[in-house]
Amino acid sequence: MTRERRPYRRERRHALWASALLLVAYFVAPVEPDVNGVRLALRALGTAVLVLVVAGLVTGQVRRQLADDGEATVLWHLAVGLVAGVLTFALADYVIAISDPTQFVSLRTRIDALYFSLATLTTIGYGDVHAQGQVARAVVGGQMVFSIGVVATGVSILFRRLTERPPPIPPQKTPPSAATPPPAGTPPPGG
């Protein structure tokens, strides 16, 4: 294994672990239905801040990728940021659904919320789970804008970087001063 591949593999492994930890956190985060207006407002504010932070992180990573900073770290941070964005919206959808079951149709579990978030992100939209209430539609509208503006760009760059071939390494030319001297007894050139 070459030295150049080791950091890439290490960063990929770190990104996979970070994504797995985010997924575990998504499933174990304590969430309870809450109809208290103040707590709902605080949750909504916290979710909005988290979405803005994730959007800022992903946008920063996209900018670094567009600046052609080919570091493996940047690429894998972008991947983790995209996973965080999907999970943030899935958790927001789930909190809305358990706080007011009339907001979503057929969204009852965290798996349903993750499924809906991924279906919205990929613009598949099967229709089995969908937003029905005004709050849910507003959040899903924000998710769509986030998906188009941030995630689509990030995923596009991520796949481009993962599938592009590294540039060929040009052959090294030996400078004349470093050329090997002719064997002993060989007449000098031109003489």
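Each position is counted from 1, following the chain as shown.
Glycine too: its Cβ is placed from the backbone N, Cα and C atoms.
As annotated by TrEMBL, transmembrane segment applies to 40-62 (among others).
If you look up TrEMBL, you'll see 74-97 (among others) marked as transmembrane segment.
Averaged over the domain 'Potassium channel' (87-163), the predicted model reaches a pLDDT of 88. What TrEMBL records for 87-163 is domain 'Potassium channel'.
Summarising the annotation, TrEMBL assigns transmembrane segment to 138-159 (among others). Cβ atoms under 8 Å from those of the transmembrane segment (138-159) belong to residues 51, 55, 58-59, 61-62, 65-66, 75, 78-79, 81-82, 85-86, 89, 92-93, 96, 117, 120-121, 123, 131 of the same chain, restricted to positions at least 6 beyond its ends.
What TrEMBL records for 165-191 is region 'Disordered'.
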